[in-house]
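What Swiss-Prot says about this protein:
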type     : residues      : note
TRANSMEM : 32-52         : transmembrane segment
TRANSMEM : 76-98         : transmembrane segment
BINDING  : His82, His183 : heme b b562 binding site
BINDING  : His96, His197 : heme b b566 binding site
TRANSMEM : 113-133       : transmembrane segment
TRANSMEM : 179-199       : transmembrane segment
BINDING  : His202        : ubiquinone binding site
TRANSMEM : 226-246       : transmembrane segment
TRANSMEM : 290-310       : transmembrane segment
TRANSMEM : 322-342       : transmembrane segment
TRANSMEM : 349-369       : transmembrane segment
Amino acid sequence: MRILKSHPLLKLVNSYLIDASQPSNISYLWNFGSLLLLCLIIQIITGVTLAMHYSPNVLEAFNSIEHIMRDVNNGWLVRYLHSNTASAFFFLVYLHIGRGMYYGSYRAPRTLVWAIGTVILIVMIVTAFLGYVLPYGQMSLWGATVITNLVSAIPWIGQDIVEFIWGGFSVNNATLNRFFALHYLLPFILVALVLMHLIALHDTAGSSNPLGISGNYDRITFAPYYLFKDLITIFIFIFVLSSFVFFMSNVLGDSENYIMANPMQTPAAIVPEWYLLPFYAILRSIPNKLLGVIAMFAAILAIMLLPITDLGRSKGLQFRPLSKFAFWVFVVNFLILMKLGACHVETPFIELGQLSTALYFGHFIIIVPIISLIENTLVDLNTMSKG
């Protein structure tokens with residue numbers, strides 16, 4: 001045990017994973033961190049393995065994926081692990097963010113942790129988009145064309161930037177090469193950001209807790225208590241992920257991507273992966289191209305407003321019934337946006353998308369501050385009546 005506290009590197013591991021004191025009342029909703037770390041490890045291992053057999057060339061990319069599936073030993077397993085863990089990664093990240101919103105994890109002194117987490121989400125979205133292009137099926141090509149074309153909405157220089165990204169006048173060999181290089185690089189940047197996220201959490205106030213009060217009254221060490229608690233959810237996660245990988249490998253994908261990319265034939269509907277659909281729905285709900293792009297990016301950055309707009313006196317929504325109701329309305333609205341992102345651009349989906357987009361932004365800018373002020377006033381009135 002002594003070496004864990006004296007060795008310069010093991011000392012860090014000890015302070016984060018063994019002796020780190022945690023509030024004694026944190027629930028299973030605080031287990032997402034370990035699950036997300038497991039997802040990142042799986043993604044890097046499977047991604048590097050896939051990169052050994054992948055060819056970033058427009059003529060060979062699709063066939064190299066088929067080669068991985070058919071000829072490489074357990075290549076099908078590595079590929080399906082990579083694609084399904086990507087979905088699991090985003091699913092858990094959304095739950096992690098939702099838990100943070102519900103329990104007020106964005107409030108001081110954890111604002112820096114929240115800000116770094118938002119940057120992690122942005123890097124994840126970019127990485128996922130780049131990875132979706134690499135198989136070079138129909139949805140890969142047209143998804144890349146549509147999303148990169150959004151940059152052309154920037155006044156004056158937009159089209160030049162798009163051609164710079166493409167390395168030509170359309171998605172071509174240069175595009176695929178640079179997307180592959182960036183997709184390989186970004187997960188390692190993600191690792192650095194995750195370490196920053198952990199350091200910011202560890203060096204401020206540590207984990208919050210379901211009551212929203214100081215956790216200093218009763219704390220226990222991370223090992224063995226929370227280590228074993230994390231292992232329970234890790235085993236459940238492995239079981240669920242395995243059921244997807246082995247029995248429902250393509251249920252979260254798009255069948256269009258099993259058709260080789262054809263620049264001469266547009267798919268019936270161009271949709272991204274399910275985890276990017278809410279932001280895609282926001283993009284499509286605004287007719288103006290530039291405003292749509294701004295709204296899409298603003299939708300991701302909107303969670304950064306919470307430390308400013310939440311004016312409530314108590315941390316978290318556990319004892320704030322109005323805020324709790326508003327939060328669940330927001331969750332349902334987010335799921336509606338996800339569904340609308342996969343629908344065709346036609347009535348009534350356009351109007352529903354516009355309403356949902358207005359409600360999405362309204363939650364952060366109007367609903368959260370107004371409800372928190374109403375709750376503060378009700379608490380004050382109750383205190384005065386009792387006084």
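Even glycines carry a Cβ here, placed using N, Cα and C.
Just so it is clear, the model here is predicted, and its values are computed rather than measured.
On the structure: features taken from Swiss-Prot.
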residue : record                   : CB count, 10 Å
His82   : heme b b562 binding site : 19
His96   : heme b b566 binding site : 21
His183  : heme b b562 binding site : 21
His197  : heme b b566 binding site : 20
His202  : ubiquinone binding site  : 15
State, in range form, which of 113-133, 226-246, 290-310, 322-342, 349-369 has the highest count of Cβ pairs under 8 Å to the transmembrane segment (32-52).
226-246
His183 (heme b b562 binding site) and His197 (heme b b566 binding site), Cα-Cα, nearest whole angstrom:
21
Take the transmembrane segment (349-369) and find every residue of the same chain, 6 or more past its ends, with a Cβ under 8 Å from one of its Cβ atoms.
281-282, 284-286, 295, 298-299, 302-303, 305-306, 309-311, 323, 326, 329-330, 333-334, 336-337, 340, 343
What residues elsewhere in the chain lie close to the transmembrane segment (322-342), defined as a C-beta under 8 angstroms and at least 6 residues from its ends?
98, 101-102, 271-272, 274, 276-282, 284-285, 312, 349, 352-353, 356-357, 359-360, 363, 367-368, 371-372, 374-375
Can you tell me the three-state DSSP label for His197 (heme b b566 binding site)?
helix
Counting only residues 6 or more past its boundaries, what in the same chain has a CB within less than 8 Å of a CB in the transmembrane segment (290-310)?
97, 101, 104, 106-108, 111, 114-115, 118, 121-122, 125, 150-151, 153-155, 278-280, 282-284, 357, 360-361, 364-365, 368-369, 372
Are there residues at least six beyond either end of the transmembrane segment (226-246) with Cβ under 8 Å to its Cβ atoms? List them, or say none.
17, 22, 26, 28, 31, 34-35, 38, 77, 80-81, 84-85, 87-88, 220, 252
Can you grab the distance from His82 (heme b b562 binding site) over to His202 (ubiquinone binding site)? Cα atoms, rounded to a whole Å.
30
Can you tell me the CA-to-CA distance separating His202 (ubiquinone binding site) and His96 (heme b b566 binding site), as a whole number of Å?
17
Rounded distance in angstrom between the Cα atoms of His183 (heme b b562 binding site) and His96 (heme b b566 binding site):
23
